[in-house]
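S.K.: Provided herewith is a single structure, encoded as structure tokens, for subsequent inquiry.
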Amino acid sequence: MAEKPMCPSTQIPDDEDTQKEDNIRCLNMLGHFGFDCLAHQLVDKSVQQGFFFNILCVGETGIGKSTLIDTLFNTSLKDKKSSHFYASVGLKIQTYELQENNVQLKLTVVKTVGYGDQINKEASYQPIVDYLDAQFESYLQEELKIKRSLGNYRDSRVHVCLYFISPTGHSLKSLDILTMKNIDSKVNIIPVIAKADAISKSDLQTFKCAIMNELISNGIQMYQFPTDNETSTHMNSSMNGLLPFAVVGSTEEVKVGKRTVRGRQYPWGILQVENENHCDFVKLRDMLLCTNREDLKEQTHTRHYERYRRNRLHMMGFTDMGPNNQPVSFQEIYEAKRQELLEQCQREEEELKHKFMQRVKEKETAFKEAEKELQDKFEHLKKVQQEETMRLEEERRQLEEEILELCKMKASSGTLQSQVCTSVKKDKERKK
């Protein structure tokens, strides 16, 4: 029995449905329905999958990049010391799996090697830019696949760049400005003053102000801690005013009274790494790991990656608007690009055919000329051979005639000799 066709349902618009989203009514539920547990589901899934964090450390050799990372995560990542004698800047990539309580973190640390050690430092930033672009390109290629698996994809895009500023000098070096200007559109930059214990407190604030003034005057975009979150607005606002952070790294334990703390022992006293009166290490750790890790990740995707993706798609010929400022669908862009590529392939194919036919004609002409040359040479040799044969035949004929003449002369000579002998013999007989 055939099923009756279902009549399409007609949705009657309601006045409330036509209102804007900001005018949507909020209703109080009359009972418990369970969707208040959605946040717990998300947390449980995230904990099960684990978290990942990718940090880029840019700074001169021996400035304390490895020590600060060890201090941040309170562990020894066992990194070898780098040499000062590299011909060019390189990158060292190391991945670690860390666990705190039941939360797993896959940490990738990318450190510059040989940065600032070359005489010519103009292109020192290029390996960093190339690496950042390569991670964006890898993610874009995965995203453009027909059969993609972004859930299982190991995202290697850098979430934050800790830029280590040398404590010596009165402001930024030209290399610092050049590098940050070339990477600020590709990564979240947090500047830190390394080995801040080398600067007195009175000079430190002046140094910070000089750095920030130079960053602003050169148009370098630093990462700003978000202030749109009610829970962290006040804290992030105050932290934005403390940039760049003055940090000191140390994994050594020293005794302060009855307590054991991480710090550095000096003849004049003890510097405690986790004492906010001594340095900004705790502020950096809290901002980086406790408060803004997710925002760093989000900014990497929605800001830096989207900029790279947009530029790459424009280079590939994709656009959202047509020539008449009309929206263009992806299918239309694809068909137009496909037609353009087909026409280009056809033109190139015709050019190749024309070049091929031209080469064939040139080769045929060359073969004909070579064949004619060989034929002429053959005819010449044939003529020479015939002339030589005729000459030899003539010489043979002459020799045969000479031989015949000699034979005749020999025969006549023999006849004459026999006649003489006979005559002599007769003369002798008469005389007797």
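For all residues, glycine too, the Cβ spot is worked out from N, Cα and C.
Per Swiss-Prot, the feature coiled coil maps to 331-413; the stated evidence is sequence analysis. Taken from Swiss-Prot, the feature domain 'Septin-type G' covers 49-315. Taken from Swiss-Prot, the feature region 'G1 motif' covers 59-66. The region 'G3 motif' annotation in Swiss-Prot covers 111-114 and rests on sequence analysis. What Swiss-Prot lists as region 'G4 motif' is 194-197, and the listing cites sequence analysis. Sequence annotations record features per position, and here Swiss-Prot assigns region 'Disordered' to 412-432.
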S.K.: Over the span of the region 'G3 motif' (111-114), how high is the average pLDDT in this prediction?
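M.R.: Result for the region 'G3 motif' (111-114): average pLDDT 92.
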S.K.: Over the span of the region 'G3 motif' (111-114), count residues by DSSP class, listing helix, strand and coil in order.
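M.R.: Once the DSSP states are binned, the region 'G3 motif' (111-114) shows 0 helix, 3 strand, 1 coil.
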S.K.: Can you count helix, strand and coil residues in the region 'G4 motif' (194-197) using DSSP?
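M.R.: DSSP classes over the region 'G4 motif' (194-197) add up to 2 helix, 0 strand, 2 coil.
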